Amino acid sequence: MSTRREMRAEAQAFIDNLKPLQHPNSQKFYLNGSRPDLKVAMRQIYQSDTLIGGTAEAPVYEKNPPITVYDCAGPYSDPEADIDVRRGLVKLRSEWIAERSDTQELEQVSSGFTQQRLADEGLDHLRFEQLPKPRRALEGRVVTQMHYARRGIITPEMEYVALRENMARETVTEEVLNQRAPGESFGAKLGEPITPEFVRQELAAGRAILPLNINHPEAEPMIIGRNFLVKVNANIGNSAVTSSIEEEVEKLVWATRWGADTVMDLSTGRYIHETREWIIRNSPVPIGTVPIYQALEKVNGIAEDLTWEIFRDTLIEQAEQGVDYFTIHAGVLLRYVPMTAKRLTGIVSRGGSIMAKWCLSHHKENFLYEHFDEICQLCAAYDVSLSLGDGMRPGSIADANDEAQFAELETLGELVKKAWQYDVQTIIEGPGHIPMQLIKENMDKQLELCDEAPFYTLGPQTTDIAPGYDHFTSGIGAAMIAWYGCAMLCYVTPKEHLGLPNKEDVKQGLIAYKIAAHAGDVAKGHPGAQIRDNALSKARFEFRWEDQYNLGLDPDTARAYHDESLPQESAKVAHFCSMCGPKFCSMKITQEVREYAAAQATDVREIEVEQIDVTASAPKADIQQGMAQMSAQFKQSGSELYHSAIRQSPGVESTSLESTSLESTVLESTSLESTALEKAKEV
């Protein structure tokens with residue numbers, strides 16, 4: 001295990017030598033919008049051609065089109081990008097923000113805490129060198145994407161996300177790639193295709209948010225809403241006992257490479273302010289925070305000493321740095337705290353427990369609730385979106401869907417309507433630990449109480465028995481709630497409940513949650529979601545191994561697993577794998593049946609067993625002997641169509657196959673007759 005110093009040195013080396021992190025056989029490309037500076041980043045996965053006939057000397061191939069996929073990595077996946085984390089990313093949206101003429105550049109920062117940090121020369125070695133001047137709305141102006149949408153304005157950001165969400169699916173014309181079963185959307189109204197006007201309508205109605213602080217122009221526009229692709233958030237951040245600025249920047253880059261749509265900086269240790277500046281200046285995705293964490297650091301961790309003034313200054317500090325969305329635990333009310341007394345695991349939300357302790361200590365109402373109007377006014381001046389935190393979320397499935405959880409949800413519904421009065425974009429955070437049978441009730445209640453504001457859930461975790469594997473236990477619930485209508489999933493890593501995640505944990509959590517999000521998109525019937533599935537399935541059936549790896553979410557791992565058993569280069573074109581071997585590969589057998597049908601000029605679906613001539617290449621006596629042997633084995637096994645794999649008939653050797661059903665009994669024969677019968681059975 002690496003020491004802390006070694007880990008920091010490795011992270012430093014990573015960012016010093018940072019080059020674009022490309023997936024194999026992929027290429028970054030840009031779709032052009034309606035203006036020269038509107039170029040929407042995507043990734044194309046190139047495929048090899050399919051051999052469909054001809055001869056060894058003159059083979060005939062069928063071309064397979066490149067598959068376009070969503071790309072969160074910004075410049076980090078562009079081989080032509082000049083990356084320097086000390087300089088930060090290109091300010092993609094600066095011109096769009098400036099030309100609206102509703103913001104002003106400030107001569108100095110507004111936060112008293114930020115002014116103190118800038119005056120401290122002892123922090124110079126940690127500071128991001130090229131600090132931009134912050135912007136704020138002009139007096140009396142509102143600069144949120146919701147505000148523009150409600151006034152009928154389609155911004156460049158809205159056009160950007162419309163192009164991005166469609167993923168160029170109009171270019172996919174192959175019927176085999178476009179096929180899909182009807183989805184069940186549970187009332188979601190999916191745009192087909194997604195247009196800038198559709199995006200505007202969803203933002204205006206509050207059913208979606210476009211989280212983009214005017215002080216984070218480096219971020220590429222993305223949208224969160226149940227009528228769009230399900231998004232995934234990754235959490236990073238240092239703590240009082242581990243991690244450094246270098247490691248957090250490394251984790252940010254790594255997270256976007258593996259598909260994080262947004263990143264939350266949950267730092268609680270030293271240098272929170274400086275760490276966040278480095279993260280924002282180098283982030284192509286929206287950044288979220290929980291401001292109460294930093295406010296607590298400012299009062300030395302004593303919750304009772306928190307004040308509205310300290311918290312307000314923290315909001316201004318973070319808004320002027322460029323934080324795109326705040327998690328605010330304004331729904332933890334004094335009267336709800338006693339409801340948690342009977343819980344198995346009490347209050348498990350850090351923000352929720354901080355505010356509960358403050359309420360009890362002062363016996364006053366939550367100051368975040370009391371000052372919510374001022375919070376909204378502040379957010380409207382920077383276009384910071386609100387993520388209303390679920391401080392009463394259950395920390396075990398025993399506490400799921402209890403009185404405290406749903407009481408807070410009702411209050412969040414009240415607060416989202418108030419935020420909309422200020423044109424502040426808002427999402428609702430959700431649980432937590434919920435068994436499968438209670439998940440849909442959470443989604444249904446949220447839609448009802450919060451007027452379809454986007455739902456953002458941590459999992460939910462469906463069982464509590466698997467520390468070290470909570471990316472699995474929660475991934476199950478995440479897939480379900482994504483299908484029911486959740487707009488964004490907060491990933492869970494293998495280290496959940498155990499420790500701070502490292503790079504590999506971040507990757508594992510993201511892969512698990514990208515699977516869950518995609519499964520939800522397919523189940524909802526999102527147009528175009530299944531194209532990648534179909535392309536990979538076609539590659540699998542045609543034994544295009546490299547295409548199978550490259551079309552997957554994690555090509556490196558897929559290739560490594562295949563290489564463990566079949567490392568030879570020849571295995572990359574073989575028509576079998578180590579799972580079944582060359583004799584029992586179902587897809588190979590199916591292909592042989594299709595080839596037979598083609599030779600007979602017959603529709604493969606119309607083949608009858610009697611049509612297959614199995615006597616042409618095997619002696620008749622051998623065939624009859626094999627058939628007699630299999631007949632005897634079937635009778636000795638009790639003449640049962642299906643029976644247990646561990647059952648062994650007298651006088652008959654046990655087989656290595658997992659099942660001795662009629663199908664596997666036929667397969668056990670090495671005669672050509674049994675192979676032909678199995679081919680017909682597969683059809």
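Glycine is no exception: its Cβ is also placed from the backbone N, Cα and C atoms.
From the candidate list TYR148, TYR160, TYR293, TYR513, the residue Swiss-Prot records in the substrate site shared with ASN235, MET264, HIS329, SER349, ARG350, GLY351, ASP390, GLY391, MET392, ARG393, GLU429, TYR456 is TYR293. When each of the binding-site residues GLY351, GLY391 is scored by how many other Cβ atoms sit within 10 Å of its Cβ, GLY351 comes out lowest. One residue stands out among the binding-site residues TYR293, TYR456 for having the most other Cβ atoms within 10 Å of its Cβ: TYR456. The least crowded of the binding-site residues ARG393, HIS433, HIS497, judged by other CB atoms within 10 A of its own CB, is HIS497. Residue density at SER349 (substrate binding site): 25 other Cβ atoms are found within 10 A of its Cβ, drawing on all protein chains shown. Cβ neighbour count for ASN235 (substrate binding site): 24 (other Cβ atoms within 10 Å of its Cβ, all protein chains included). HIS433 (Zn(2+) binding site) sits 8 Å from ARG393 (substrate binding site), taking the Cα positions as reference.
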